[in-house]
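Sequence annotations record features per position, and here TrEMBL assigns Na(+) binding site to GLY76, ALA78, ASN83, SER336, ASN368, ASP436, SER437. The disulfide bond feature in TrEMBL is assigned to CYS181-CYS190. Annotation source TrEMBL lists transmembrane segment at 70-87, 99-121, 141-169, 255-274, 280-304, 325-349, 361-387, 420-442, 463-488, 494-518, 539-560, 572-597.
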Amino acid sequence: MSTNCGNDGDGGGDRQVHCQIEMSKILGSKDLTPVITAKNTTDTITNQKVSNIATVQLPDRGSWSSKLDFILSVVGLAIGLGNVWRFPYLCYKNGGGAFILPYIITLFLAGIPMFFMELALGQMLTIGGLGVFKIAPIFKGIGYAAAVMSCWMNVYYIVILAWAVFYFFMSMRSDVPWRTCNNWWNTVNCVNQYERKNLICWDKIINGTANKFCTVATSNISSTELTDPVKEFWQRRALQISSGIDEIGSIRWELAGTLLLVWILCYFCIWKGVKWTGKVVYFTALFPYVLLTILLIRGITLPGALEGIKFYIIPNFSKLSHSEVWIDAVTQIFFSYGLGLGTLVALGSYNKFTNNVYKDALIVCTVNSSTSMFAGFVIFSVIGFMAHEQQRPVAEVAASGPGLAFLVYPSAVLQLPGSPMWSCLFFFMLLLIGLDSQFCTMEGFITAIIDEWPQLLRKRKEIFIAIVCLLSYLVGLTCITQGGMYIFQILDSYAVSGFCLLWLIFFECVSISWCYGVDRFYDGIKDMIGYYPTVWWKFCWCVTTPLICLGVFFFNIVQWTPIKYLDYNYPWWAHVFGWLTALSSMLYIPAYMIWLWKRTPGELCDKIRSIVRIEEDIPRLREKMQREAIAKEIDAASL
């Protein structure tokens with residue numbers, strides 16, 4: 001929460017006097033001398049409180065040290081694992097270069113407008129994701145829903161980074177351990193993909209169907225039963241996966257160690273506030289580009305790389321008639337831009353009020369989408385090489401998500417000279433790309449909670465962050481048990497799914513554009529940047545973005561099918577648990593609306609004016625919020 005007492009440029013004594021004067025104005029003190037000197041103990045009780053607050057102030061919220069700190073932090077948030085392992089695959093799956101068309105259309109109709117709105121909203125009100133809904137109080141449930149969804153995101157997303165760190169450490173040896181089938185975790189059916197052409201195989205007719213059999217270690221087995229060392233390392237060494245979610249098994253202590261390491265890194269990236277975070281992102285946001293460039297240079301020099309890139313970029317416009325293509329474009333943009341979680345609001349809230357947030361939003365959106373396309377060339381050059389070496393079509397090799405990171409790429413490095421080095425580079429890149437997304441999401445959650453209860457938590461911020469990290473780590477241990485992959489997929493498919501995100505973003509957009517009023521919001525933007533942005537964003541906020549969110553949300557619900565992990569079908573109670581995790585965030589919005597409506601006194605029109613469409617414009621709302629912030633400091637000092 002920002003007050004006139006907490007500007008970074010003020011000296012300690014000047015700021016103290018300024019605080020006292022502001023509070024004496026609010027409390028109606030006509031004689032400012034006792035307030036400034038803070039020595040007269042015979043003043044009224046009110047002036048005693050003011051004197052107390054002069055010496056016992058809440059710590060400042062903090063602010064970005066420079067504009068570049070802010071931009072790199074937002075770039076670090078927006079550019080995550082989805083840019084590397086999901087966008088390239090969606091391009092291939094949905095018509096190659098043709099997918100760029102729905103992607104760009106959706107970007108301008110919904111992605112950039114919401115990205116701009118969230119950054120502007122945080123900067124405009126200088127408060128986190130819960131406090132900003134003073135602009136439309138009945139929608140404060142959005143802030144709580146975003147906080148719950150952020151908790152789920154923090155628990156499951158960091159597990160991927162723990163896997164990456166495990167692979168990174170396992171690669172630091174003379175050769176990668178997933179090259180051969182001679183390890184204790186391998187089965188008799190294990191045959192390297194690159195050596196299968198040397199097997200003796202034949203076709204055998206069974207029940208009128210031709211089946212391919214091969215001789216492996218003096219045994220004849222069906223080709224469908226063959227596995228490879230990369231897959232067995234992932235399933236039988238890294239995960240040691242159980243047979244199902246009802247067999248959780250024991251904790252994988254190696255992964256518990258890497259998970260703890262990543263949580264410690266995350267804690268020390270944000271524990272000192274945004275001034276410290278702004279320095280960390282200089283490395284975590286920029287160095288992955290160095291690694292991506294190195295991997296691209298190596299990738300395009302490999303045989304078969306051109307075939308992989310062709311699959312990535314050659315357009316197949318017939319795919320555009322399929323609704324899934326447009327759905328994939330929407331969900332990819334919303335997830336990759338970090339929308340709906342309150343994180344952008346929090347990062348924007350640490351800006352100066354006059355910062356040109358409009359220009360910043362356009363810069364970051366351009367960088368984010370360009371990075372996604374750049375990463376596609378890196379990934380598909382390697383996939384093309386892998387298909388060439390295995391003499392298989394690219395379509396059979398291409399994958400997304402964990403399958404790309406922990407199966408396809410580790411298999412590809414087997415054919416590269418210096419395999420351990422390329423493996424270390426790749427997994428170190430994954431760690432950095434995911435780490436800044438993780439700790440920026442954490443920063444959004446922490447900011448929202450501390451700004452809501454500053455008198456209780458701001459002085460104890462470092463302890464509060466440590467408690468959140470510890471609790472998140474303990475909950476995350478369920479995802480690194482032997483049955484943890486099944487829990488991980490439940491959280492991925494339900495708790496932080498596309499329909500949860502669309503639900504939040506729809507109400508967020510409606511609360512600003514329709515309830516508070518898009519014209520008054522535009523006036524607030526003009527107060528910040530000095531001019532009105534193009535009217536296009538008004539049109540998007542009022543029409544296209546809500547309609548896209550609503551349409552895709554209902555399409556996802558109608559087309560919903562129970563999730564599977566490979567060939568494993570989840571029991572009914574696992575799906576019930578999944579839906580409960582989804583509803584744990586979604587229900588906050590209608591529940592808070594009903595609660596606040598019943599709690600607010602007055603007739604219908606009075607309620608609408610006080611909690612749905614408030615009368616204050618942005619300057620008056622900021623002034624009101626500053627008075628409330630000072631009042632909280634007075635209460636904190638009087639305890």
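Backbone N, Cα and C define each Cβ position, glycine as well.
All features noted in TrEMBL, drawn onto the structure.
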| residue | record | CB count, 10 Å |
| --- | --- | --- |
| GLY76 | Na(+) binding site | 29 |
| ALA78 | Na(+) binding site | 27 |
| ASN83 | Na(+) binding site | 26 |
| CYS181 | disulfide bond | 20 |
| CYS190 | disulfide bond | 22 |
| SER336 | Na(+) binding site | 22 |
| ASN368 | Na(+) binding site | 24 |
| ASP436 | Na(+) binding site | 27 |
| SER437 | Na(+) binding site | 27 |
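The transmembrane segment (141-169) and the transmembrane segment (255-274) are in contact, since at least 3 Cβ pairs between them lie under 8 Å (pairs 6 or more apart in sequence).
The residues near the Na(+) site, meaning same-chain residues not in GLY76, ALA78, ASN83, SER336, ASN368, ASP436, SER437 whose C-beta sits within 8 angstroms of the mean position of the site's C-beta atoms, are VAL75, LEU77, ILE79, GLY80, GLY82, TYR337, GLY338, THR371, ILE433, in sequence order. Residues 114, 117-118, 121, 133, 135-136, 138-139, 142, 145-146, 149, 152-153, 156-157, 330-331, 334-335, 339-340, 538, 541-542, 545-546, 549-550, 552-553, 556-557, 578-579, 581-582, 584-586, 589, 612-614 of the same chain lie 6+ residues outside the transmembrane segment (494-518) yet bring a C-beta within less than 8 angstroms of a C-beta in it. Residues 69, 72-73, 75-76, 79, 269, 371, 374-375, 377-378, 381-382, 384-389, 416, 422, 425-426, 428-429, 432-433, 435-436, 439 of the same chain lie 6 or more positions beyond the ends of the transmembrane segment (280-304) yet place their CB under 8 Å from a CB of it. Here the Cα atom of ASN83 (Na(+) binding site) is found 32 Å from that of CYS190 (disulfide bond). Across 255-274, 463-488, 539-560, stretch 539-560 shows the highest tally of CB pairs under 8 A with the transmembrane segment (99-121). By the Cβ criterion (distance under 8 Å, sequence gap of 6 or more), the transmembrane segment (420-442) is counted as touching the transmembrane segment (255-274), at least 3 such pairs being found. Straight-line distance linking the Cα atoms of CYS181 (disulfide bond) and SER437 (Na(+) binding site), rounded to a whole number, equals 36 Å. At the 8 Å Cβ threshold, with sequence separation of at least 6, the transmembrane segment (255-274) lacks contact with the transmembrane segment (539-560), having fewer than 3 such pairs.
Taking Cβ pairs closer than 8 Å, the transmembrane segment (463-488) reaches residues 151, 154-156, 158-159, 162, 239-242, 244-252, 255-256, 259-260, 263, 266-267, 270-271, 442, 445-446, 449-450, 457, 565, 568, 570, 574 in its own chain, all 6 or more past its ends. Distance from the CA of CYS190 (disulfide bond) to the CA of ASP436 (Na(+) binding site) is 37 Å.
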